[in-house]
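Reading through the structure tokens given below for one structure.
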Amino acid sequence: MFCTSSSMPNDYKMTHLLIKNGLCCMIAVFLQLAPVIHYWETLKCALKARKCKKSEDRVNEKRYYLRMLKEDQDVALLRVFECFLEAAPQQILQLTLMLKHYHNEINFEFVHQVASIVSSLASMGWAMASYHRSIRLAQQNKLNIGVVGTVLQFLWHFSITVARILSLSVIASVWPLYTIIGCLIHWVIMTIWILINSHGILEFCRAYGRPPHMLPTFKERIYSSFFAIVIGIVYIFIYLNTVDCNTFWKHLCFYVLCFAENITSSLLWRYTCPPEVREAWYFNVFFITCIVSFLLGIIAMIVYYTRFHPSKKQRASNSFQAM
């Protein structure tokens with residue numbers, strides 16, 4: 001392969017830039033600064049889009065605006081990962097310890113712990129609603145999610161998350177080892193399910209410069225496998241759709257499985273917990289919440305998809321004017 005002497009400095013500069021960016025990304029991931037970097041890139045794209053708007057450069061304004069939406073979508077996905085890979089297991093552990101060591105007293109410490117758990121669960125519901133809203137904003141051929149739709153998205157994911165974490169916590173307070181084994185089995189099943197239908201995952205992990213009709217490289221397949229493993233962990237708590245596709249049958253299968261797991265966990269806890277727990281004031285509250293909260297989440301999801309899900313296509317010109 002031949003190259004001119006004038007192109008060699010550019011090639012060297014590009015290689016050096018890629019290595020430098022790769023090292024910066026590794027350091028950022030190690031220091032857990034990836035969201036900060038994406039926030040910074042979002043801000044830069046927004047400022048560039050505003051600058052182009054003032055100079056009436058419509059082409060670059062639209063380009064930087066779409067890049068800003070893409071960065072915001074990445075930030076929203078990172079928030080989802082942080083919630084369900086870090087905060088959700090911590091909430092299960094905290095609730096499990098409370099159930100094992102709670103002395104049936106309502107004091108300041110108890111109220112503080114409950115408030116902390118509820119706020120964390122609310123942040124998980126909002127992270128999912130924000131993620132779905134950011135996906136819609138980045139799709140120029142579809143309408144955005146309205147305020148009512150966002151509220152229903154929050155109620156849907158908040159209620160499902162409450163039911164999942166509460167059902168896992170109550171059974172973990174009785175059989176912690178079997179709960180871990182059950183979560184591992186659920187994770188493996190979900191990961192295999194994702195890999196079987198891996199088209200969306202492959203598209204998500206495809207390099208930006210590669211045409212969509214080309215077969216994925218070995219490196220892209222490895223990345224997609226790791227990504228499927230991470231999504232499989234999230235699927236222990238909630239369904240996360242990473243690509244735009246028909247999700248009716250996926251939602252049906254996933255939520256039927258989760259509801260069966262919740263019912264089984266709640267019933268096992270109800271009939272195997274210690275006698276002092278059965279006499280506690282929260283015994284029936286927890287059992288009812290595990291079931292009712294899940295059903296409320298399903299109702300919110302059905303109302304959202306039947307009444308407030310924006311699936312209409314719109315012209316690109318109208319979409320750009322809506323900016």
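Positions of Cβ are set from backbone N, Cα and C atoms, glycine also.
Model, not experiment: these values are computed from the prediction.
The annotation transmembrane segment is assigned in TrEMBL to 17-40 (among others).
If you look up TrEMBL, you'll see 110-131 (among others) marked as transmembrane segment.
Packing against the transmembrane segment (143-163) from elsewhere in the chain are residues 88, 121-122, 124-126, 128-129, 132-133, 136-137, 237-238, 255, 258, 262, 289-291, 293-294, 296-298, 300-301, 303-304, 308-312, 314, 322: each is 6 or more residues past its ends and has a CB under 8 Å from a CB in it. TrEMBL lists 143-163 (among others) with the feature transmembrane segment.
Long-range Cβ contacts of the transmembrane segment (175-196) within its own chain (Cβ-Cβ under 8 Å, at least 6 residues beyond either end) map to 96, 168, 225, 228-229, 231-233, 235-236, 261, 268, 272. According to TrEMBL, the feature transmembrane segment maps to 175-196 (among others).
Residues 80-81, 84-85, 88, 124, 128, 131, 157, 160-161, 164-165, 183, 186-188, 190-191, 194-195, 198, 201-202, 204-205, 216, 247, 250-251, 254-255 of the same chain, all 6+ positions outside the transmembrane segment (222-240), place their C-beta atoms under 8 angstroms from a C-beta of that stretch. As annotated by TrEMBL, transmembrane segment applies to 222-240 (among others).
The transmembrane segment feature in TrEMBL is assigned to 252-269 (among others).
As annotated by TrEMBL, transmembrane segment applies to 281-305 (among others). Counting same-chain residues at least six beyond the ends of the transmembrane segment (281-305), those with a Cβ under 8 angstroms from any Cβ of the stretch are 104, 149, 152-153, 155-160, 162-164, 166-167, 170, 251, 255, 258-259, 262-263, 265-266, 269-270, 273.
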